[in-house]
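Engineer: I'd like to ask you about the structure that follows.
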């Protein structure tokens, strides 16, 4: 039944009809071709050809794989021809590459260790510099605060200082007690001037000069009235010393202007001394040897009568040995003659 159905004449006709070419339709054929259709077709063609042209990638062998022992012992410079020799060259190449890689890794390790040590040193140095920077910043801030504080104190002191300040309050040396004003002048009669002693102006009137020049041959003695002797002569200087102790003369009386002029302006005092010592006293200028012709206004009065040693002993109260020694003493060289003998020399030179 089934075979009969399969080969039935109706079905045979349908199959034959399907196999016959169909007649073309009456539609207008398309004369242009779309570029999109052609591009898609080319992409498909390229995609289909690529898998065929791609070669399988060479698989890398794992690291540390054990190499087989070479079967041949080919010299290094000889070219490998057989498969065993090529395998030997491959094994040698792998061993050389492994040794070079090990050397490179060791060199890199040393370089990394060196870089690590340098990095640690630089980090420590950087940390130290950061600490120093912090300290310097703190010090700078402290100094800035001090400067600001001192500036404020200076400005405050300038504002607090009075504008009108007298020189006496600033300097104690300019006080009115040291420098008086013009209206505070003291009259001269109220100023206590010290009265100088006669011994300050004439060293021959000092008692200490009686024991300083024992030499009798250097300066000859000048006697009053032209008298010379061992006991009857008395020098002008000794007269001044003897009169010093007389209570009748007022030694504390103030000196006159002429006395000061003769004391401080005696230009020829040394010359008169030398002329007196060389030529002696000129008594011929006196009227018959009268000493009253001298206009004495000093504190020393001369007497024309000769004075003996007995009178000196009674006046001064000296012993015999002291009186003899005082009579033979001479004034020292260059002694001042401004009072007792200066006027006599001046009169003699006139």
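A Cβ is built for glycine as well, from the same backbone N, Cα and C atoms used for every other residue.
Sharing the record's features from Swiss-Prot:
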- 1-118: region 'Disordered' (REGION)
- 35-47: compositional bias 'Polar residues' (COMPBIAS)
- 87-150: domain 'bZIP' (DOMAIN)
- 143-150: region 'Leucine-zipper' (REGION)
- 152-175: region 'Disordered' (REGION)
- 160-175: compositional bias 'Low complexity' (COMPBIAS)
- 194-218: region 'Disordered' (REGION)
- 196-211: compositional bias 'Polar residues' (COMPBIAS)
- 328-350: region 'Disordered' (REGION)
- 329-340: compositional bias 'Polar residues' (COMPBIAS)
Engineer: When you scan the chain for residues with a C-beta under 8 Å from the region 'Leucine-zipper' (143-150), skipping those not six or more beyond its ends, what do you find?
Structural biologist: none
Engineer: Count up the helix, strand and coil residues in the region 'Leucine-zipper' (143-150) according to DSSP, in that order.
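Structural biologist: Secondary-structure breakdown of the region 'Leucine-zipper' (143-150): 8 helix, 0 strand, 0 coil.
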Engineer: Let me know the model's mean pLDDT on the region 'Leucine-zipper' (143-150).
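Structural biologist: The answer is 95, the mean pLDDT of the model over that range.
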